[in-house]
Amino acid sequence: MLQSLAGSSCVRLVEQHRSAWCFALLVLGYLLYLVFGAVVFSSVELPYEDLLRQELSKLKQRFLEEHACLSEQQLEQFLMRVLEASNYGVSVLSNASGNWNWDFTSSLFFASTVLSTTGYGHTVPLSDGGKAFCIIYSVIGIPFTLLFLTAVVQRIIVYVTRRPVLYFHIRWGFSKQVVAIIHAMILGFITVSCFFLIPAAIFSVLEDDWNFLESFYFCFISLSTIGLGDYVPGEGYNQKFRELYKIGITCYLLMGLIAMLVVLETFCELHELKKFRKLFYVKKDKEEDQVQIMEHDQLSFSSISDQAASMKDDQKANEPFVNSQSPTSNDSSLNN
């Protein structure tokens, strides 16, 4: 008896605080996912970093042995300056001196990466004025970009998602949920093909040092706005039609970002995902809902009464003018 009562009380307690328990599990799962990613990245990349460090150390020692007139301190100063310039997108290599980082097309590409929050980091402002303008430009431009993308996606999704789903639901009588799931899968496949697979194949041909995996990696890192900056197109030596290539990449990034947002919005509108998201939301109290309903009703009733009073006043104003006299004045005139 006591066990059944305790079990029922536990079940009741869990049901009352279901959203809090789900949110706690969500936080725990996210932290575990972060730890899992750190462990995997560390185990995979740490050996490669160790090999690279050993290789660079051997090259440095060999260079100092072949050039005995150069001290290690002078070499260190030279390398520090070269690395500092490389962080600003300026290379000391002779085969990279022909590419300017701040011509119009490169600046347009940089502005698009800043406003889309991709930020490859291969090119950064050098002057204090450029850094200050970048701050002001981003503060205004990033919300403006979000507004622009939201408006574009809202209009596209009507023709790409909602109308096709309603057409098959009403015209052919299919279940709306089933049609929405199939449509989302097809739309996701088309987006992956048009903005990941095909561009990856194109980049692997246009970029000499990229294979298909590296090209696909660039497309994913760019359209997901991660923007690590380890792969940036159009930066190779003697890149043909570099200006036109940069403009094309800028258009690709904007169109791909819009396509990604359309797909995400399509999946977010699925009934199953809506139910899943509600597990982690805080439910409103019934008293708050009733207060909001009462306030809404009072506002609506008061607005209706105000509208009725204003309509009566308008009707009186529109009626022909009548000389309204008080009854006492009429009686006195009759007596006279």
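Residue positions begin at 1 at the first shown residue.
Including glycine, each Cβ sits where the backbone N, Cα and C put it.
Residues or ranges marked as compositional bias 'Polar residues' in TrEMBL: 321-336.
Look at TrEMBL and you will find 94-156 (among others) tagged as domain 'Potassium channel'. Note on the domain 'Potassium channel' (94-156): its mean pLDDT in the predicted model is 86.
Under the heading domain 'Potassium channel', TrEMBL lists 192-268 (among others).
The N-linked glycosylation site annotation in TrEMBL covers Asn95.
Sequence annotations record features per position, and here TrEMBL assigns region 'Disordered' to 306-336.
Here TrEMBL flags 21-44 (among others) as transmembrane segment.
Non-local neighbours of the transmembrane segment (135-157) in the same chain are 111, 114-117, 257-258, 261-262, 265-266; each lies 6+ residues outside the stretch with a CB under 8 Å from one of its CB atoms. The transmembrane segment annotation in TrEMBL covers 135-157 (among others).
Non-local neighbours of the transmembrane segment (178-203) in the same chain are 160-161, 164-165, 168-169, 210, 212, 215-216, 218-220, 223, 233, 252, 255-256, 259-260, 262-263, 266-267, 269-272; each lies 6+ residues outside the stretch with a CB under 8 Å from one of its CB atoms. Among the features that TrEMBL reports, transmembrane segment is placed at 178-203 (among others).
The transmembrane segment annotation in TrEMBL covers 215-232 (among others).
Packing against the transmembrane segment (244-264) from elsewhere in the chain are residues 105-106, 108-109, 112-113, 116, 118, 149, 152-153, 156-157, 160-161, 184, 187-188, 191, 194-195, 199, 206, 219, 222-225, 233-234: each is 6 or more residues past its ends and has a CB under 8 Å from a CB in it. The transmembrane segment annotation in TrEMBL covers 244-264 (among others).
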For the domain 'Potassium channel' (192-268), jot down how many residues DSSP puts in helix, in strand and in coil.
54 helix, 0 strand, 23 coil
How does the domain 'Potassium channel' (94-156) divide up by DSSP, counting helix, then strand, then coil residues?
44 helix, 0 strand, 19 coil
